[in-house]
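A short worksheet on the structure shown next.
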Amino acid sequence: MKKTFLVIGNPIKHSLSPKLHNYWIKKYKINATYEKNLLDHSEIEDLIFNIRKEKIHGLNITVPFKKMIIPFLDELSEEAEISQSVNTIYKRDNKIIGDNTDIEGFKLSLEKTEQNVKNKKALILGAGGVVSSIIIALKKIQIEKIYLSNRTELKAIELKKHFPEIEIIKWGETIDFDMIINATSIGLKEEDEININYQKISKDKFFYDVIYNPPETNFLKNAKKYGGITKNGKMMFIYQAQKAFFIWHKIVPEVDSETINLLDV
């Protein structure tokens, strides 16, 4: 029987998950298909029901459902529990399990750059579903200080309840940092801009955007223009997908140059 896997989100058009997972599915001769699905909040319950009935065999979750989907699940992995964020779902022993592969994805993507962020200061822009994963990964890497800024300050305050060590700063305010991470969806559209003083802050600072499609957002373009070191979210995306693939298929897919180049759009 051919198994069905989906990535759900809203928006979802930008997602390259099907391209990557179907490449690995074909490479490892797995009888499965992987598709993307634009979802409305009202459809979550039906979707989980279809996993129970094994009409769907696994899900990846993206914006804005990483927290929203938790009440519909039976159990969370340790990573999903501490982050309160789910990006991978599967059925085991008649239970629907939520897991988080973003923590590992972000951590590995950082460790494989030449940027050493241990004992450094990081500023995170955003307070959505992926941010808790980034905070946990940064702590594992032994970052010294985490600042957080979000357009809606209430969301940032909510996050601080779980991570009291972070310091909230006002949106648009600039501070001294070594690394800045765009964890918002600002950049998915070509005209999207994050209004910060790039000229003042960019030189020799590390700019990381979790967005991987487009491969270079205005955030990264502006940073590069003024001497910043830039990295998009492609490797984070690949490493989180690698772990999700292993959860579902018990195969660790190879991440080689062909895999990486596959996602160049």
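Keep in mind that glycine also has a Cβ here, set from the backbone N, Cα and C atoms.
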Task: Of Y212, Y226, residue recorded by Swiss-Prot at the shikimate site of S15, L16, S17, T62, N87, D102 - done: Y212
Task: One of G9, G187, G233 listed by Swiss-Prot as binding NADP(+) at the site of E78, G126, A127, G128, G129, V130, N150, R151, T152, E153, L154, K155, V210 - done: G233
- [ ] Please tell me which one of the recorded positions listed here (K66, E78, A127, T152, L154) sits closest to L16 (shikimate binding site), measuring Cα to Cα?
- [x] K66
Task: Largest separation between Cα atoms (Å) of residues that the record links to shikimate, namely S15, L16, S17, T62, N87, D102, Y212 - done: 16
- [ ] Enter the number of other CB atoms within 10 angstroms of the CB of K66 (active site, proton acceptor).
- [x] 25
TODO: Have a look at the recorded positions S15, S17, K66, N87, D102 and say which one has the shortest Cα distance to A127 (NADP(+) binding site).
DONE: K66
Open item on the list: Quiz question: given the binding-site residues S17, N87, which has the greatest number of C-beta atoms lying within 10 angstroms of its own C-beta?
Closed with: N87
- [ ] In whole Å, note down how far the CA of E78 (NADP(+) binding site) lies from the CA of N87 (shikimate binding site).
- [x] 13
